[in-house]
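In what follows, a single structure is set out as structure tokens and then discussed.
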Amino acid sequence: MASRWAQVTCFILIVIMNLSSWIDIQGIMVELPLIIPLLPEGWALPSSMTICATVAGIAPILVLILRCYQGKRFSEIPFIYIIIIVGIISCCVLAFFWQRTAFIFGSQRSIWLLGGVLTLSTVDCTSSLVYFDYMKRFRASYLTAVFLGEGLTGLIPTLLVLAQGLGSEEVCIPIVNGTGFTAQYTQPRFSVKIFMFCIGGIILSTSLNFSIQSPDSNQPAEVIDRAESMAMIPETKLEKCSSSSSSSQMSYKSYLFQLTLNTIMSAFIYGCLPSLSTYSMLPYGQKAFYYSSILNPLAYPVASLVSIRWVTMSTLATILWSSIGFGLCVFIAIIAWQSPCPWWADTFHGGLIMTGVWFITILIVAYIRIAIGNRIRREWLQESAMFYFGLTVELGSVIGSVPMYILVSVLHLFTERQPCQRYCLK
């Protein structure tokens, strides 16, 4: 009974620890409906934020070099503390300065917000490596807790946004001389500043949790507490027996295939789709974009819960669901390409369809990633397996975000709407 409670407690602590991984960036993403109308980048802001996250991908490369240099002496625990501390400080700075701009490269740019995104993305990208690498200290069944915590990084900011309420709806006020209209925007229940302070407070709570949970890096990895160590003994013996009989249950080709597929899925979910969110949703109205921003993060915890029941998938099922996810991503790209007047623009059913498509797409792609991670953790018994799983997440983000930034912010191939102007007249 004691060992069972130890397992449940350990599972919960791992979930809470992983809240510090992406909750800050997720918080900024769900605030985009409030932020975008007030900043000079407009609809291209998500693309600029995504490229900042891509530049931040150099941090995992440095960690990889350090890990190769130090070998078994490498410890991920100091990096986890750095991730948490930088996250807290950055959220507090953004709370005060997110709306400040500077004139750079011929136009006004949201230098404080983008700088904050760059800083937070640096530590969050690093978390994709070190948090997964940290899980080598625990049995394979706890990997679901990592994905569940990662999913909650979208759910918790979503709940805050619901409490905050809809804001930044466009109100067109006639100009005095009657030559046109000027746009004013409605206010939510509380400001972006309060929202960022709340996110910083949540990250602070994860630091206290990790201090309780963290095992001594000088002790054997299994020694978390006496009861949990006892619970891990049978599985450890099984792993040793299986590794002695064969090097792994998964072939090397299958391992490379799973990593390649994870790279592709990460390219869509972290690189391509964020840059297209405004162009594929705002033609259906501010409310459609707002509700989509609320629902999309919920797909991650739903996928995590599904993975508790269906932990892994066969290779054939993985390919099938990946094809469906790819098709939905292409559909979203087509809608974004048609902006500012895509199919069903300015209609309720159009917004409903696109909100549903976005949610289902993220749900499918997120579950595929979780299933791949679980399968690698269970069937590829090398210690570095999850480290390279995390590395392919960052590689996919780069592959997806750089071309999208060029298309959106350099070539301007996607068109946004201007305030208080009528579009799609028939």
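Here the Cβ of each residue, glycine as well, is placed from N, Cα and C on the backbone.
Some features that TrEMBL has for this protein:
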TRANSMEM  5-23  transmembrane segment
TRANSMEM  43-66  transmembrane segment
TRANSMEM  78-98  transmembrane segment
TRANSMEM  110-130  transmembrane segment
TRANSMEM  142-163  transmembrane segment
TRANSMEM  194-212  transmembrane segment
TRANSMEM  255-276  transmembrane segment
TRANSMEM  288-308  transmembrane segment
TRANSMEM  315-336  transmembrane segment
TRANSMEM  348-368  transmembrane segment
TRANSMEM  388-414  transmembrane segment
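Within the chain carrying the transmembrane segment (388-414), a Cβ under 8 angstroms from the stretch's Cβ atoms is held by residues 43-44, 47-48, 50-51, 53-54, 57, 60, 64, 125, 128-133, 259-260, 262-268, 270-272, 274-276, 279, 336-337, 339, 369, 372-373, 376-377, all 6 or more beyond its ends. 288-308 is the stretch from 43-66, 110-130, 194-212, 288-308 with the greatest number of Cβ pairs below 8 Å to the transmembrane segment (142-163). The stretches the transmembrane segment (110-130) and the transmembrane segment (5-23) are in mutual contact, each linked to the other by at least three Cβ pairs under 8 Å (pairs 6 or more apart in sequence). Proximity of distant same-chain residues to the transmembrane segment (5-23), defined by a Cβ-Cβ separation under 8 Å and at least 6 residues beyond the stretch ends, is recorded for 80, 83-84, 87, 124, 127-128, 131, 135, 138, 142, 145-146, 148-150, 152-154, 156-157, 199, 202-203, 205-207, 209-210, 212-213, 224-225, 227-228, 231. By the count of Cβ pairs under 8 Å, the stretch nearest in packing to the transmembrane segment (255-276) among 78-98, 194-212, 288-308, 315-336, 348-368 is 315-336. Here the transmembrane segment (315-336) has long-range neighbours at 254, 257-258, 261, 264-265, 268, 272-273, 276, 279-280, 342-343, 354, 357-358, 360-361, 364-365, 367-368, 371-372, 414, meaning same-chain residues at least 6 beyond its ends whose C-beta is under 8 angstroms from one of its own.
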